[in-house]
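What Swiss-Prot annotates here:
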DISULFID  CYS3-CYS30  disulfide bond
DISULFID  CYS60-CYS121  disulfide bond
DISULFID  CYS74-CYS105  disulfide bond
DISULFID  CYS92-CYS116  disulfide bond
DISULFID  CYS185-CYS285  disulfide bond
DISULFID  CYS302-CYS333  disulfide bond
CARBOHYD  ASN67  N-linked glycosylation site
CARBOHYD  ASN153  N-linked glycosylation site
REGION    98-111  region 'Fusion peptide'
TOPO_DOM  1-445  topological domain 'Extracellular'
TOPO_DOM  467-472  topological domain 'Cytoplasmic'
TRANSMEM  446-466  transmembrane segment
TRANSMEM  473-493  transmembrane segment
Amino acid sequence: MRCIGISNRDFVEGVSGGSWVDIVLEHGSCVTTMAKNKPTLDFELIKTEAKQPATLRKYCIEAKLTNTTTESRCPTQGEPSLNEEQDKRFVCKHSMVDRGWGNGCGLFGKGGIVTCAMFTCQKNMEGKIVQPENLEYTIVVTPHSGEEHAVGNDTGKHGKEIKITPQSSITEAELTGYGTVTMDCSPRTGLDFNEMVLLQMENKAWLVHRQWFLDLPLPWLPGADTQGSKLDQKETLVTFKNPHAKKQDVVVLGSQEGAMHTALTGATEIQMSSGNLLFTGHLKCRLRMDKLQLKGMSYSMCTGKFKVVEEIAETQHGTIVIRVQYEGDGSPCKIPLEIMDLDNRHVLGRLITVNPIVTEKDSPVNVEAEPPLGDSYIIIGVEPGQLKLNWFKKGSSIGQMFETTMIRAKRMAILGDTAWDFRSLGGVFTSIGKALHQVFGAIYGAAFSGVSWTMKILIGVIITWIGMNSRSTSLSVSLVLVGIVTLYLGVMVQA
């Protein structure tokens, strides 16, 4: 029950008889999947890391100068030179200075002077290139087991952590007691890494434009250079003062770290953890659930008494969490739990925790359910010790219907072409059915709530027949489409 503690939660229902479900995982959100005769699973994308990004260029932002040497020549004696000029570690500058009798020359005129100083970089920053194949996604999969301490953001024994990379996009997660779920994921970072560079300075990193990074007026060396002795543009951090006869002072500018922080104002800051860079983005995953099975299907129903351990908790997702404790004998057994109308005639709402079970007597079990809007009864156990709890859920069915439809339409837009199976004609039609169910399932469920299966089919046939006999082309097409969608959802989908 990992998703209960996360505000941004999406419910995805599988089509009856379907073997796969498409989901979209984003940071800060959680997805709960439900399918007929399959366990309810929670999926959360907890981390996206860039592993071992390649270094494009290193910039020096703080340096020191040592071993300053100056050589000068009188007029007509040629150009002065120093051996240090051949050493890449030194920064040198040639100048001309006035010479004469007062400073050791027999002729008056311009004489040459050269000054060199050893340039040592003390602090640098790096620009790294991140490729999609360097990204690693960490997902936690948690079945709705109902066990104690399995509620909220628990990452202990109840969840299975799996890693997704572009090289191994298909991964299987073994869920103890529930079988195996297969995930086929397609990473989508939303960033164009060809135009962006990660600028890393100490324990902070920013995402900057590639050309801006390459144009920085600072000493630099290629990313492949591990020695640090072949810095280019060393003169950008060095100032040679005006020469005087045989002397020339040279100074180094102070640390450029503050100036870089100012220049990076407004740039996207990237979080870091254990030396790895953390990114946002989303994963489009196709779940294959044919190897999953419900736990405790062979158990009999619990016949003893239940008690509610804590007050029923309402979540921010329109669901409730009931914490019950079995006081009877015969465990392990299934928990009889239903949500009924006030007349006890119709079963309403749904169980998010499918097939809740008790494994041990007097051991609390968490059950998540979604009650209908308005008044209803939550019935736990069987007679004579049956619990009957009244519950009222606030809200508007129409508003909830349109909100759910918008969320599902957004999900389908993100999934794009990965939601479709074009390998066969049957795959195309199956994909169409899943798309209709994902987007219009909420509207269909609200419009035909409580209507029998045969009546749904009859309504679909009538709407289609009216459309085929309409004289208005636009009305005819609209009614036929609505009728076909109604027929399909009525026949193929247990919405």
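Backbone N, Cα and C atoms are what each Cβ position is placed from, and that goes for glycine too.
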Exercise. Quick one: mean pLDDT on the topological domain 'Extracellular' (1-445)?
Worked result: 80
Exercise. Roughly how many angstrom lie between the C-alpha atoms of CYS333 (disulfide bond) and CYS185 (disulfide bond)?
Worked result: 36
Problem set entry | Nonlocal residues around CYS30 (disulfide bond), in sequence order (Cβ under 8 Å, 6 or more apart) | ARG2, CYS3, ILE6, ASN8, ARG9, ASP10, ASP42, PHE43, GLU44
For this session: Mind tallying the topological domain 'Cytoplasmic' (467-472) by DSSP state, helix then strand then coil?
Result: 2 helix, 0 strand, 4 coil
For this session: Show which residues of the chain containing CYS302 (disulfide bond), separated from it by at least 6 in sequence, have their CB under 8 Å from its CB.
Result: TYR326, GLY328, GLY330, SER331, CYS333, LYS334, ILE335, PRO336, VAL358, GLY381, VAL382
For this session: Using C-alpha atoms only, work out the spacing between CYS121 (disulfide bond) and CYS285 (disulfide bond) and round it to an integer in Å.
Result: 47
Exercise. Who are the long-range neighbours of the topological domain 'Cytoplasmic' (467-472) in its own chain, taking Cβ under 8 Å and residues 6 or more past its ends?
Worked result: 478-483
Seminar exercise, completed: disulfide-bonded residues considered: CYS92, CYS185; fewest surrounding Cβ atoms within 10 Å belongs to CYS92
Exercise. Whole-number Å distance between the CA of CYS285 (disulfide bond) and the CA of CYS74 (disulfide bond)?
Worked result: 77
Problem set entry | Candidates CYS60, ASN67, CYS92, CYS116, CYS185 (recorded positions) with Cα within 10 Å of CYS105 (disulfide bond) | none
For this session: Could you give me the DSSP helix, strand and coil counts for the region 'Fusion peptide' (98-111)?
Result: 3 helix, 5 strand, 6 coil
Exercise. Of all the disulfide-bonded residues given, CYS74, CYS285, CYS333, which residue's CB has the most CB neighbours within 10 A?
Worked result: CYS285
Exercise. Taking the Cβ of ASN67 (N-linked glycosylation site) as centre, how many other Cβ atoms lie within 10 Å?
Worked result: 13
